[in-house]
C-alpha cells in the first residue's frame, strides 16, 4: 500500500495524468506553435441569452396558452447549428418537478400529461415558446425554458397562473377530518385541486377570511385571516396567512383549501314545487342532459359567470348551497358569496346542474 501511494503521488506531481472525464466531448485542435500540445475550443465567442416573460402569464381551465421564450447571441454571429430546447415544470422552490418536452429543430417529444397538448412555437427566428392546449388545473406553476447549444446552456423561468377561485372544504363528517391524501381526493371530487400558496394568497388579497386551517398542495397547513381575532391567532397579529408549516401527510388531519378555475360549461338551477330529495335531484339533472353540479363548479359559476340564486340546491357531495352575487334581504350575509346549509340528512330542495358546452 505505501508503494502504491508513493507511485500515485509521483504520477500526480509529474503532471502526466489526464483530467477527470466529466461526460462532455470537447473539440481538440492543434495550436499554432506546432509543439503538439492540444488546446480546447470551448465556445464560439458569442454569449447565449434566453429570455421569457417577466410578468406572469394568466390563463384558465380548458384554454390554450403560450409561454413566451426567445433566445439570442451576443454578438450575433449569424446562422448556428440546430439547438436543443427543453421545457420543464418546476416546484415553487425552483427544483425540477417534471419534464414537459424537448425539441431539436422540428422534431419534438412531449412527456406525461403534456403528451398531445404541448408543442414548440417557432414563428420567428430564435423563438422557443411553449404552447399548451386544453389547460388543466394542475398546469398552474413555474416553467423553465432551457436552450442548449453545444456546451452552452442557458435558461429562464416563466410563471403560468390560472384564473380561479379558492374555497375551503369540509367533508360531511365535520371539521378537521382529512389527512393530506384525503384532502387531495375531496378537492378532485369537487372538480378542483388542492390550492397552492400563491393561489391562497391571491384569494386572501381578494377578501377570503377563514379561521379553519386547511391543507395546501405542498403539504403545509395554513389559513387566511383578514380580520384578526382571538380564536384565529390572536388580536395582536397582523392580517395575513397563518401557517402551521408542513404536517404529517398521513397522521395529521385538517380541512382543505381547494382551487377551481373557469368552466367549460354552465351551471343552472332546477326546482319542483315540493322540492326534491338528493336522489331525485340527481335524476332531474340527468333528465335535462346534465349532471348534478360539484362544489367547485358552483363556486366557479358564481365567481366568473355571476351566478346569483337565492334558492338552496343540492350538489353532488350531498351538501345544500346557493350563490349570491348581489346581497339582499333574506339571502344571507351582506357580502357576496356561496352560502351553505351543510349536509342535511333529509329535506327537499332544488338542485344545481352542470352541463358541458
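Each Cβ is built from the backbone N, Cα and C atoms, and glycine gets one as well.
TrEMBL does not curate its annotations; it predicts them automatically.
Feature list (source: TrEMBL):
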DISULFID  211-232  disulfide bond
DISULFID  310-331  disulfide bond
DOMAIN    46-158  domain 'Ig-like'
DOMAIN    165-260  domain 'Link'
DOMAIN    266-355  domain 'Link'
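Mapped onto this structure are the features recorded in TrEMBL.
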residue: 211; record: disulfide bond; Cβ within 10 Å: 14
residue: 232; record: disulfide bond; Cβ within 10 Å: 19
residue: 310; record: disulfide bond; Cβ within 10 Å: 15
residue: 331; record: disulfide bond; Cβ within 10 Å: 15
Between the Cα atoms of residue 211 (disulfide bond) and residue 331 (disulfide bond), find the distance and write it as a whole number of Å. 23
Rounded to a whole number, how many Å is the Cα of residue 310 (disulfide bond) away from the Cα of residue 232 (disulfide bond)? 30
